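**Student:** Sharing a structure with you now.
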Amino acid sequence: MADSPGCCSIWARCLHCLYSCHWRKYPKQKMQTSKCDCIWFGLLFLTFLLSLGWLYIGLILLNDLHNFNEFLFRHWGHWMDWSLIVLLVVSLLVTYASLLLLLGLLLQLCGQPLHLHSLHKVLLLLIVLLVAAGLVGLDIQWRQEWHSLRLSLQATAPFLHIGAVAGITLLAWPVADTFYRIHPRGPKVLLLLLFFGVTLVIYLMPLLFISSPCIMKLRDLPPKPGLVGHRGAPMLAPENTLMSLRKTAECGAAVFETDVMVSSDGVPFLMHDERLSRTTNVASVFPERISAHSSDFSWAELQRLNAGTWFLERQPFWGAKKLSGSDRKEAENQTIPALEELLKEAAALNLSIMFDLRRPPRNHTYYDTFVNQTLEAVLSANVSQAMVLWLPDEDRANVQQRAPRMRQIYGHQGGNWTERPQFLNLPYQDLPALDIKALHQDNISVNLFVVNKPWLFSLLWCAGVDSVTTNACQLLQQMQNPLWLLPPQKYLMIWVITDCASILLLLSIFLLRGGCAKRNRTGLETAVLLTKINNFASE
């Protein structure tokens, strides 16, 4: 890359010291960058891109990181919110790779050798291995998150494109400098083709790859999706409690989504986990049964448990607002609600109820009749059947026969439907496979889960989704418009202006650097000629 001593100022020496960890000045024969150094610089650039990509992945996965936290708790038995840790580690990796890459580019511009120190080489390899391990782990354990990442590009691609254009434009100066420094024609042509090939692809990205439902006119924007509280309002109150039910109503949500199990004596109650240890004080009340299945406890035993103190000891969501004094006192006194009790409270708050029904263990008394036990509890509550959104597929035909006014919710598209569905409840990753307009024409409403971040809510809003299940109803309630909305003509104008400005800057940089290189060659030839004249005169 560099083939001349270049500037030997203190500034350049400091940069070289940080990059190579050597303060001493190199002799002339060592002032050149070897092929090995070029390979390491390429690895540095690759590491920067990998760490930047991993930062993007981390930011997108924050929407689903509560699943990761619960997964680790089930396997390790210790609760920790990994949001801050993930962001901190990835930010450090990106910062280190960015600073090292910046040092390398500045050294190249100063004509200094790119002798990367062994410590930096080891750290770069560790970063590559760490990112690779993260990607492999993501692919093995949470493969559905790749669908989340692809979906996120519909929300971020227009802005990533502008960032990519800015980045390739800034990269033009060191590329032009390298182009005019190297002499063999082959490497010069290869460098030029590679750089301008990548540049052309970036310029044409909106035409080739970018599409988003939020590129639309304001008048075409669908109505704001309704909100479904995921286990209630778990950022404001302990999940699956009556306090969480009340907070859901205060958020303006229309539906309370919960999970139902059947106790050992046949009482349906609210609980998500197969073990009670995460959301109750079972460890202190029944220490010998801490690993027992939630359905193995009788209703009398479940009533002895506290379902709120854990929420005050370890807030499950990073960044959630602290509770006021009255809310803290209410949370401390929460217990596990029975389904019948919940239905009566929901009716008073004008909330609908949607729930997952979890089958008890095989040796359970109600293993075969848990659906009937749950249905009996619903009917015994003497509430409107229309307020219950029935999601379980088990014995659905019998449920419809006994409770015909109950709304049937399907958790899949197609399949063995017992009637024409009116509601679909699907993961948000299924959005690309859905034809929302066609479903609406068939009078089918679509609810997608679990949506916590404004960027994702905005995307689903633009796509015309009817409602979303969320942990952050208090946040999404405040949104009056999507985060961004661009009319097609305006986006086209931004795209053209951005590309044209970049093209002008690229041409200017290459012309300017070419002029500098020409003057340097002329000056060098003049100096050589004067030296020969002086030598001839001295003879």
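Cβ atoms here come from the backbone N, Cα and C positions, even for glycine.
Just lifted these from Swiss-Prot, have a look:
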TOPO_DOM  1-40  topological domain 'Cytoplasmic'
TRANSMEM  41-61  transmembrane segment
TOPO_DOM  62-83  topological domain 'Extracellular'
TRANSMEM  84-104  transmembrane segment
TOPO_DOM  105-121  topological domain 'Cytoplasmic'
TRANSMEM  122-142  transmembrane segment
TOPO_DOM  143-154  topological domain 'Extracellular'
TRANSMEM  155-175  transmembrane segment
TOPO_DOM  176-189  topological domain 'Cytoplasmic'
TRANSMEM  190-210  transmembrane segment
TOPO_DOM  211-491  topological domain 'Extracellular'
DOMAIN    225-480  domain 'GP-PDE'
BINDING   E257, D259, H272  divalent metal cation binding site
CARBOHYD  N333  N-linked glycosylation site
TRANSMEM  492-512  transmembrane segment
TOPO_DOM  513-539  topological domain 'Cytoplasmic'
**Student:** Counting only pairs 6 or more apart in sequence, are there at least 3 Cβ pairs under 8 Å between the transmembrane segment (155-175) and the transmembrane segment (84-104)?
**Tutor:** no
**Student:** If you count other C-beta atoms within 10 angstroms, which of the binding-site residues E257, D259 is the most crowded?
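**Tutor:** The residue with the densest Cβ neighbourhood is E257.
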**Student:** Apart from its near flanks, which chain residues at least 6 from the ends of the topological domain 'Extracellular' (62-83) lie with a Cβ under 8 angstroms of it?
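**Tutor:** Here the qualifying positions are 141-142, 145, 148, 273, 275, 277-278, 314-319, 450-453, 456, 471.
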**Student:** Looking at the recorded positions H272, N333, which one has the fewest other Cβ atoms within 10 Å of its own Cβ?
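**Tutor:** Among the recorded positions H272, N333, the sparsest Cβ neighbourhood within 10 Å belongs to N333.
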**Student:** Over the span of the topological domain 'Extracellular' (143-154), count residues by DSSP class, listing helix, strand and coil in order.
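**Tutor:** Its residues divide into 10 helix, 0 strand, 2 coil.
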**Student:** Report the residues of the chain - excluding E257, D259, H272 - with C-beta within 8 Å of the mean position of the site's C-beta atoms, for the recorded divalent metal cation site, in sequence order.
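**Tutor:** So the extra residues in range turn out to be H230, R231, E239, N240, T258, V260, L270, F355, D356.
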**Student:** Before we move on, state whether the transmembrane segment (122-142) and the transmembrane segment (190-210) share at least 3 Cβ pairs under 8 Å, counting only pairs 6 or more apart in sequence.
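**Tutor:** When sequence-distant Cβ pairs are counted, the transmembrane segment (190-210) does not touch the transmembrane segment (122-142), since fewer than 3 lie under 8 Å.
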**Student:** Per-residue pLDDT averaged over the topological domain 'Cytoplasmic' (1-40) comes to what?
**Tutor:** 65
**Student:** Can you tell me how far the Cα of E257 (divalent metal cation binding site) sits from the Cα of the residue listed as 'N-linked glycosylation site', in Å?
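**Tutor:** The Cα atom of E257 (divalent metal cation binding site) is 22 Å away from the Cα atom of the residue listed as 'N-linked glycosylation site'.
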**Student:** For the topological domain 'Extracellular' (143-154), could you work out the same-chain residues 6 or more beyond its ends whose Cβ comes under 8 Å from its Cβ atoms?
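**Tutor:** 57, 60-61, 63-64, 160, 210-214, 427-429, 431-432, 455-456, 459.
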**Student:** For the topological domain 'Cytoplasmic' (176-189), give the DSSP counts of helix residues, strand residues and coil residues.
**Tutor:** 11 helix, 0 strand, 3 coil
**Student:** On the DSSP side of things, how many residues of the topological domain 'Extracellular' (62-83) fall into helix, strand and coil, could you say?
**Tutor:** 16 helix, 0 strand, 6 coil
**Student:** Could you give me three numbers for the topological domain 'Cytoplasmic' (105-121), the DSSP helix, strand and coil residue counts?
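**Tutor:** Helix (H, G, I), strand (E, B), coil: 9 helix, 0 strand, 8 coil.
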